[in-house]
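Copied over from TrEMBL, here are the features:
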- 323-332: compositional bias 'Basic residues' (COMPBIAS)
- 333-342: compositional bias 'Polar residues' (COMPBIAS)
- 343-352: compositional bias 'Low complexity' (COMPBIAS)
- 353-380: compositional bias 'Basic and acidic residues' (COMPBIAS)
- 567-576: compositional bias 'Polar residues' (COMPBIAS)
- 602-611: compositional bias 'Polar residues' (COMPBIAS)
- 212-308: domain 'PH' (DOMAIN)
- 314-380: region 'Disordered' (REGION)
- 562-611: region 'Disordered' (REGION)
Amino acid sequence: MELKSELLKSIWYAFTSLEAEHSGKVSKSQLKVLSHNLYTALNIPHDPVALEEHFRDDDEGPVSNQGYMPYLNNYILAKAKEGTFDKEKFDSLCWMMTAKKNFKEGTKESVCSWQDGFRLFCLFNLLSEDRYPLVMIPAEVEYLMKKISTAMNQEWDGKLLEDLISQNPSYKQGLSFWLFLELVSTGRLLRITNVYAFSLALNEVFQEMYHNVLKKGYMWKKGHVRRNWTERWFVLKPSNISYYVSEDLKEKKGDIPLDKNCVVENLPEKEGRRCLFCVKTPTRTYEISASDQKQRVEWIQAIQIATRLQDKGKTSLHQDLKLHRREQRGRSCHSQEGPRSTQEQQIESIIQHQRELEAQRRQQEEQEKEHQKEVQRELERQLEEAEKAKNNMVEELTLKEKEAERQRQRIQELEMIQQKLEAALTAEIQARVEEEKARLEQEQLLQQEEEKVKQLKRLQEEQEALLQKNKPEGDIVLESSALHVASQELQTLRETRERSHQHLEEAQKKLQTATSYVKHWNVQLNRLMRPINPGERFQQQRQVKKIQCTGETAFSSQEFISRWHPGTSQESDQPGSQSSVEEEEEVSEQLKAAGLSDEDGTQTQDNGQNY
């Protein structure tokens, strides 16, 4: 009888959507289509003979809801059986027919989507009175609004409903569905600040009241064959506990049938599992592990409620509660409300306890979310500090790499200067050897010249003595030829000595140049050999201009030679001095010939000032 009453409510909306101008009359063709759709939705075999017989074309054929009711009762509702069809699809068919005419989706004032409207349609039919036209009294409206507000984790403001009734006293007799939907969508019955949160809360209430879901959530279940523990998504209804792979309900793994003989008990910890309990059925015992003690208590109490409903032959907790509320209202119309039965009080207390547990669970979830946000903020702060430390380390590493690069350049300059210095020392040694050889050769030539001069003087004296003694002419000629030969040899020795002297001067000049370059590269080497202390580089950079202005920097080889070359006058230091330019060009040619040019050294000096 309850199933027929619930089906008839949805059919009534579908029928009224077909009537023309609210006359209560529906054409026979539309009734045939409606009947065919009901047959399909209720999974009832079609009876075309009875359909055509009842809707035959005569003057007394059924054209109103009263005329259609006998056929609907005898051929459709009488054949409908619970469990043979999907009631949600059946209600969806009726909703689609009535919503096409009455529901306007997407308006600025409305916050309800098509799916939200369908869920409110089903809940309205569940809580509405069994009289037509269908209405839901204010007490049931208040009950539904409180359920949705609790699911939204907010408190319902009852003043909204009181203001509506005070403005329109007719609302006290009940609200029609379309008026109820309009009041909810416009926020006159329920304050909706977040449409998405409202939709989620409405779906949760829809699952609980329409689909009779007493509780759902993840738990661990011990296998019957493999005896391993697997996490499953459990859905508790009054008749059974279904478990799935995940909460999307796409892959169902099994059912635990519930009846009045089922027993639920706590279990001690074992196999590393805590919060254990078992559901004992006549055929099997199911071992389950909840996430914590609170969840275990809630699941045990919810399963006990389901077994009590099975014991009383009830299939829906909220249908039973609705009937109790209706009986209480009926008794209060004649007299004051009497004491409730013990069984009713137990059910109400269990429901109230479940609501309190649900509220506590939501509060704990909010606290956990806030804690997670705080942890996330702390992690973000630590991440920012780590990022800053990383950037600082990268900067320090970059500075150290630059410093290491400068040190490498400095070492390269030191090696180059060392090579130049070694080459200059080698050239100086070679110049000294050449100068010594030239000096020895000069001394030898001077000795030979002195001997020749003595020999020439001796020959001259002998010739004068022969002339005085009137020696024979032949002796005088011989003596004259010997004197002539000695004079030529003396002249040759003098020319050779002059060339040797020039060679000696060249060797001395080359030695001076090599010595100057040795001093120059020593200066450069001493400059680079001075250690650099931390932070000294920046101080040196600030003093570069000052040092350059005072002329205290190491100068190039040409400047060094031009300033310190022996015998150079002060006028030769002037930039325009002709002798200085010629001498520098001559020294440069000599250095290039010796392989000691300071072209690289000048560049090194310029780079070295950066240290």
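Cβ coordinates come from backbone N, Cα and C, glycine included.
From a predicted model like this one, the values you see are computed outputs, not experimental measurements.
Confidence across the domain 'PH' (212-308), taken as the mean pLDDT and rounded to a whole number, stands at 90. Helix first, then strand, then coil: DSSP counts for the domain 'PH' (212-308) stand at 16 helix, 44 strand, 37 coil. Per-class residue totals from DSSP over the compositional bias 'Basic residues' (323-332), listed helix then strand then coil: 10 helix, 0 strand, 0 coil. For the compositional bias 'Basic and acidic residues' (353-380), the DSSP-based tally of helix, strand and coil residues reads 28 helix, 0 strand, 0 coil.
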